[in-house]
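According to TrEMBL, the protein has these features:
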TRANSMEM  224-244  transmembrane segment
TRANSMEM  256-282  transmembrane segment
TRANSMEM  303-326  transmembrane segment
TRANSMEM  346-366  transmembrane segment
TRANSMEM  373-391  transmembrane segment
TRANSMEM  453-476  transmembrane segment
TRANSMEM  505-526  transmembrane segment
TRANSMEM  547-573  transmembrane segment
TRANSMEM  585-604  transmembrane segment
TRANSMEM  616-637  transmembrane segment
TRANSMEM  649-669  transmembrane segment
Amino acid sequence: MEALLHLPRSDAILMTIALEPSNIQAQFDARQQSLRARFDAESQALQQELDHEHQALRLQLEELGYHETRITGNVTADVRDDSSRTVDAVTTINVEPVAVLPQPASDHSDAEADASFSNVLRDALRRLSPFPEYARFCDTYLGLELTLCQACLERLPRTETLPAPCGDTYCTGCMTTLFENAIRDEAMYPPRSTLSTARPGSNEPKVGELLPGEAELGGLGRHLGLWSTVALIVGRIIGTGIFSTPSSIVSSVGSVGAAFMLWLLGLASCLSGLCIWLELGCMIPRSGGEKVYLEAAFKRPKLLATTFFAWQAIILGFTASGSIVFASYVIKAAGRTATEWEKRGIALAVVTVICAAHTVVPRWAVRGMNGLVIVKLVVLVFIVVAGWAVLGGAAKDRIPHPTASFHDAFAGTTSSGYLWATALFKVLNSYAGWSNAAYVLNEVKNPVRTLKIAGPLGLGICGVLYMMANVSYFAAATPKEVAASKLTVAALFMNKVFGTAAEKAISVLIAISAFGNVMTVTFAQARVNQELAKEGVIPFPRFWASSWPAGAPGAGLLLHWIPSAIIIVAIPFGDAYNFILDVEGYPGSVINFFVVVGFFWLRYAEPGLDRPFRCWLPVAAFYMVVQAFLMVAPFLRPPGGKGDTSLPYWLYPVVGIVVLTVSVLYWVVWRKLLPFLGRYRLEADHEKLADGTAVVVWRRVKRT
C-alpha cells in the first residue's frame, strides 16, 4: 500500500491511497474509517480557526458601520471510490467561508471609507480562502461566496477583478458564482482519474507566473498513459543515430573496446541526468522541462531564466536534420539519385505533414507515434537477434570469424582528447531524448508515478538495445570495415549478413525511424513553445499559447515549423549545414549545466520541498562534470587544428554562446531598457483564452 498524504494548514487536503487488489473491500473500509477519524480531528481544528477569523472580521466590519453581520464557514468531506483493478479513496476537505453583508448602518460615500471597506474584505478573505495562492486572479473576493446588498455592491472596486461569468464586471446574479471560483474548481479539483501528487496545498516551489492549476488548463487534458510516455521517450531516443554513428565513433577512438567504453559512459551520463530530471519533474510535475526547473531555481532577476531558455528552445529547436535524413533514405531505398532541392522538398513536406497532423488530429498522431516506436523496436531487436545468430556461427559462409573484432579490443586506441570528446558528443546525441517526457507532464496521467516508471524504463530499453546492436555490428564486420564503410552501419550489417536486397530494406526502415523521431520531437517541442508563450515571454502570447483548433498547441507547432522550414530551405548542404547542426547542440549543454546548478541550489535553499524521488548527490555531481566537459571540449585543439567542417573548430561553440548572450540582451531590453525609456512598469494580467488555456499578458502601466 502506498499512501500519499499532504496536510497543509487551512488549505484543501487531498489524500490518495492506492490499495492492492487483494481484500480490496475490507482494506478500503478499514482505511476509510481511519480517514474519517483523521478528518474529524482536522475539521474541528479548522472550524475553530474559522470561528476566530469570523470574529475578527465581524469586529472590523462593525467599526466601519456594518452591523448585524452574519459570517459562517463550513467544512465538508467527499469520499469517492472507483472499483477496478485498484481502489482509490479520495478524501477532500474543503473550507469555504460564506460572508453575508446587509445594508450598512452608516453612509460610506467618501473615498477613505471605500478603501477601508475594500481593504478589510481583501485581507480577511485572503486569510479565509482555502486557496490564498489564487489571489492573482481576484485580490478581493477569491474563493468565497458573497451575497451583498445593492448599496454594498455599488461600492465594489470594479477594476481589481476579472469579469463575472455573465460578461459584466459585477452583477447581483454573479456574485455567488464568481469567475474565479470556476477557475479554482476546474484547476484544483480535476476528475479523479487525472489526480496526481501535484496536489492543492503542496509546497511546490514558485515557478514562473502561472500557478499549478492555471498551467494545466486547456489543451487535451491528461491523455498519455504509461505506454505512451515510454513510447515518447523511446521514440525520441531511437532516431537514426544507432544505425549510423557507430562507424564515426570507432573511427574517432580507433578501437572496439574504446567505442564500447564510450557507449557505456554515455549511458551512465544519461542515467545520472535522468535521476536529476526525475527529482525535479516529480517535485514540479508541469510541462516545460528545463524551463520549469530553471524558473524554480533562478527566480531573480524575474523571467531571466525563462528568456534564457526560450531563445535557445525556439531558435534552435528545429527538426530539419531528421527530415533531411528521412528524405535521403527514402531516395536511397528508391534506388535513384536526387537533386539537393528534391531532398529539401521531401524534408519540408515531412515537417509540414507532421505539424498538420499534430494540430488537426492530435490523438491519432500520438497513436501513430506509438506505432512507429514499435517498428523501431522490432528493427533493433531483429538486428540484435541476427547478431546473436552470427556469433553462434549461423552465417559462417559469409562471416567466418564473427569474434575477430573482440580479440585485443583496445588495440589502436587514440589518445587525442578532442577525438574522444567528439565521439562522446555523438554517443550522447544518439541517447538524446531521455528527458522528453518532462516537456509534456501536463498531459500525462498520474505524472509523478508515470515519470518514475517511464523514464528509467524508456532509457533502459534503449541502452540495452544499443549495446547489443553494437555487438551485432562488430560481429558482422571488423572495426576497419565499419570505420571505412560509406554506408550506415546498419546497412553494412544487413549487406554482410543477408545480401544487397536486405540493404535496401533497412534503408526504408531507417527512413521510418527518422520519420517517427521527427514526430516525437515535434510533439514535445510544440508543448515547450506553448509553455513559453503562456508565461508571456514572447510577443503575441495569446496567439502562440492557443490550443486551437483541436486542443493541441497549434500555434506552438507553427512556431516549431517556421525555423525548421527556414533551415531546410535556406541553409546550403555541406559545411554550412553541418555547422548549424553543431551550433544547435552546444547551448543544450549550457542549459543542462545550469539545470544541475539549480538542482543543487534547490537542495540547499529549499530542503523542505516535497521530493517523491531523490537523486543521490554524487550522481548529480557526475552529470555536472560531464556537462562541464562538454562545454569545454569543443575549444580543445583537434589533431591538425581542423574540425569536421572547413570553418574554425572553435567557431560553433562561440556562436552558441552568442545565441545565449542575445537572449540576455533581449531580456534587458524588454524588462529594463524599454520600461525605463517609456516610463512604465510591466504588470502581469492572467487571462483565460476561449479554448480554456491560461496565459500571462504583460500590461504596461505608466509610472506616476
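Every residue gets a Cβ built from N, Cα and C, even glycine.
All TrEMBL annotations are machine predictions without curation.
Under 8 Å from some Cβ of the transmembrane segment (346-366) lie the Cβ atoms of residues 220, 223-224, 228, 319-320, 323-324, 326-327, 330-331, 338, 515, 518-519, 522-523, 526, 549-552, 554, 557-558, 560-561, 564-565, 568-569, all in the same chain and six or more residues away from its ends. The stretches the transmembrane segment (505-526) and the transmembrane segment (224-244) meet in space: the count of Cβ pairs below 8 angstroms, excluding pairs fewer than 6 apart in sequence, reaches at least three.
Segment contact is absent for the transmembrane segment (453-476) and the transmembrane segment (585-604), given fewer than three CB pairs below 8 angstroms at sequence separation of 6 or more.
If you count C-beta pairs under 8 angstroms between the transmembrane segment (256-282) and each of 224-244, 303-326, 585-604, 616-637, 649-669, the highest count goes to 616-637.
Contact counts against the transmembrane segment (649-669), taken as Cβ pairs under 8 Å, peak for 303-326 among the stretches 303-326, 547-573, 585-604. Within its own chain, the transmembrane segment (303-326) is flanked in space by residues 208-209, 239-240, 290-291, 294-295, 297, 343-344, 346-348, 350-351, 511, 514-515, 517-518, 521-522, 525, 528-529, 532, 535, 537-538, 559-560, 563-564, 566-568, 571, 581, 583-584, 587-588, 591, 594, 659-660, 662-664, 666-667, 670-671, which lie at least six positions past its ends and keep a Cβ under 8 Å from the stretch. Long-range neighbours of the transmembrane segment (585-604) within the same chain, counting only residues 6 or more positions beyond its ends whose Cβ lies under 8 Å from a Cβ of the stretch, are 205, 273, 276-277, 279-280, 283, 290, 293-294, 296-298, 305, 308-309, 312, 316, 425, 429, 615, 617, 620, 623-624, 627-628, 630-631, 634, 652-653, 655-657, 659-660.
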